[in-house]
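One structure is given below, encoded as structure tokens.
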Amino acid sequence: MSDYNTGGPPPGPPPPAGGGGGAAGAGGGPPPGPPGAGDRGGGGPGGGGPGGGGASGGPSQPPGGGGPGIRKDAFADAVQRARQIAAKIGGDAATTVNNNTPDFGFGGQKRQLEDGDQPDSKKLASQGDSIGSQLGPIHPPPRTSMTEEYRVPDGMVGLIIGRGGEQINKIQQDSGCKVQISPDSGGLPERSVSLTGAPESVQKAKMMLDDIVSRGRGGPPGQFHDNANGGQNGTVQEIMIPAGKAGLVIGKGGETIKQLQERAGVKMILIQDGSQNTNVDKPLRIIGDPYKVQQACEMVMDILRERDQGGFGDRNEYGSRVGGGIDVPVPRHSVGVVIGRSGEMIKKIQNDAGVRIQFKQDDGTGPEKIAHIMGPPDRCEHAARIINDLLQSLRSGPPGPPGAPGMPPGGRGRGRGQGNWGPPGGEMTFSIPTHKCGLVIGRGGENVKAINQQTGAFVEISRQLPPNGDPNFKLFVIRGSPQQIDHAKQLIEEKIEGPLCPVGPGPGGPGPAGPMGPFNPGPFNQGPPGAPPHAGGPPPHQYPPQGWGNTYPQWQPPAPHDPNKAAAAATDPNAAWAAYYSHYYQQPPGPVPGPAPAPAAPPAQGEPPQPPPTGQSDYTKAWEEYYKKIGQQPQQPGAPPQQDYTKAWEEYYKKQAQVATGGGPGAPPGSQPDYSAAWAEYYRQQAAYYGQTPGPGGPQPPPTQQGQQQASGNCHPPPPPFSFQPPATVHPALVGSAGNPFPCGVCP
């Protein structure tokens, strides 16, 4: 062990495992350093001389040098003072000193500072950060947070949120403000947005929201709330809405206030405070141009006055009032007629009534579509009346095709196959192969819905089986006007890539039990061709449809019933459709003035067409053809054989022609014959035939086939008059014992 100076104390004890520093030299240095942590013994600083090294001590410090121990002790003192100050300020929040560590709990950090070859400045900076992190929670920096309610247009909420919330997330990230949008507007045109954050963050978020709304409206960025406050050219006016009537102005789902804003071109805000009593009047703020604001105020007051009068919101004979308008239900198959070709009809209704009409969008499955009429109440009712008149004219419908054999011709076409009432114009039933039904219906019914919307017709699958019961086919029904049915038929044929097979009669044909149409002349026209409906009576007058129904073809009297054509129409549905459309689309325009002569029978197959009659009509050929057809029909069992009166009728007409021209025997030239007796006999026979008191005669004859007159005293049809005049006098050679021409041997 080395010698010490005379003035120095004896050396300290050797440090364990590599010794500590020696004692301070003469001159009185500070206490020796702590024990060495490694195999090296740190020499303590000496004022008068170097300290003694340990057994394996490290190198001694130079004389008078200040080693790291001085700086570390000073730093530890500063930390201790800081902790004392923190304890005085924070009380129990101050951090306690761990007595298990040598120097104020920083023994664990000694190796971090001592080990390594980093400069001392980095070591101190790292230690300062550690101290600051421990002292940081004691004094958090002051931060001001606020929450503000902001309003944006309800229609712009989707634009503010963005796809997948992208836009609202960008607003929150860029502004540092939390943005929350209320889930519902409560019927108001604006949606509440909650902004939470620092004042500058909230202000930035508001600016970003204004920019998005302004861009969505097509205006310059940042102009939304400036315009909402009226701007330089705008006017803001508030009117008080009485308690309990705020919902009337707002409407269901905000529909009424939206319509008012659209019609007046203003912005309306109903100020509602949740803390207010429901019995308190609420202000309605109207923003816009002065003239428009005044007009909007009048519209709102009109709504409130109608409510006071009890007329608003009630349902009338035309539909339901909603938001100052009227909803009129229109059958789906009649929508195309109300709209008209290229919208001509609905434009005409709008111009005449001074309203606006729109059909509401729906799923296309219901039987009706809603036409919403917007405008003043009296004009809305006028437009609704026009639409209902048009629908009423549709219910009478165009004439249908001929019915079954022996049935009267079709009347006005609303009769279905079962005789019940249906849509105007009737319906069409057709069969489609089962494996192609999916092409018509589509996934979820989307194809049939599209067909209904495009054509205005109503297409549905029938639950009835095909007539032959074939399970490989399904029946479909199309209801609507002829134009709508044709359009829907064309679209369906494109889907299945083939023609449709109609089943049953065409639209408007009366069923087996269907009543006769209002224009059917009655049983008198069931006789042979050439006879007038009522002998000597004028034809039915032709009145064009009045009002809004004049867009449809005018009704013409039906042609004489032809049994062969009726049988062909019953067996071939296509023939019935062809006759129906030819009658519907090719009618001669305008009524025919004056009594028209009875139509002649169509020429038989293979015969040339007859020239138009001039002067006195000759029905000889028509009667011959009629009796030939009657003779071809099968006789009923037990009925007496029919006789051929063709020659007798020819002779009869020849003599009648002579009488009419004044060449008959006993007729003075130029004198008008007297038909009184002939008319009396004719009406007596008609009364006896139709169940009234029969004239004197023998027993009733047995029933004969349809089309043959069968009554006592009138077993054969009376001779048809010329130009609606009865025969003058029957020739004695042609008169039977009872005054009837051509006695059959059954009648007396």
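Positions of Cβ are set from backbone N, Cα and C atoms, glycine also.
Annotated features in Swiss-Prot:
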| type | residues | note |
| --- | --- | --- |
| MOD_RES | SER2 | N-acetylserine |
| COMPBIAS | 18-28 | compositional bias 'Gly residues' |
| COMPBIAS | 36-69 | compositional bias 'Gly residues' |
| MOD_RES | ARG40 | omega-N-methylarginine |
| MOD_RES | LYS88 | N6-acetyllysine |
| COMPBIAS | 111-123 | compositional bias 'Basic and acidic residues' |
| CROSSLNK | LYS122 | SUMO2 cross-link |
| MOD_RES | SER126 | phosphoserine |
| MOD_RES | SER130 | phosphoserine |
| MOD_RES | SER182 | phosphoserine |
| MOD_RES | SER185 | phosphoserine |
| MOD_RES | SER194 | phosphoserine |
| DOMAIN | 234-300 | domain 'KH 2' |
| MOD_RES | SER275 | phosphoserine |
| COMPBIAS | 409-422 | compositional bias 'Gly residues' |
| MOD_RES | ARG414 | omega-N-methylarginine |
| MOD_RES | ARG416 | omega-N-methylarginine |
| MOD_RES | ARG443 | omega-N-methylarginine |
| REPEAT | 572-583 | repeat '1' |
| REPEAT | 618-629 | repeat '2' |
| REPEAT | 644-655 | repeat '3' |
| REPEAT | 674-685 | repeat '4' |
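Around SER194 (phosphoserine), the same-chain residues at least 6 positions away in sequence with a Cβ under 8 Å from its Cβ are THR147, GLU148, GLU149, TYR150, LYS178, VAL179, GLN180, ILE181, SER182. Rounded to a whole value, the Cα-Cα separation of LYS88 (N6-acetyllysine) and SER185 (phosphoserine) is 54 Å.
The DSSP secondary structure for SER194 (phosphoserine) is strand. As a whole-number mean, the pLDDT of the repeat '4' (674-685) in this prediction is 71.
Sequence-distant neighbours of SER185 (phosphoserine) (same chain, six or more apart, CB under 8 Å from its CB) are ASP154, ARG191, SER192, GLY254, listed in sequence order. According to DSSP, SER182 (phosphoserine) is assigned to coil rather than to any helix or strand. The Cβ of ARG443 (omega-N-methylarginine) lies under 8 Å from the Cβ of no residue that sits 6+ residues away along the same chain. Here the modified residues are LYS88, SER182, and the one whose Cβ sees the fewest other Cβ atoms within 10 Å is LYS88. Per DSSP, the secondary structure of the domain 'KH 2' (234-300) breaks down as 29 helix, 18 strand, 20 coil.
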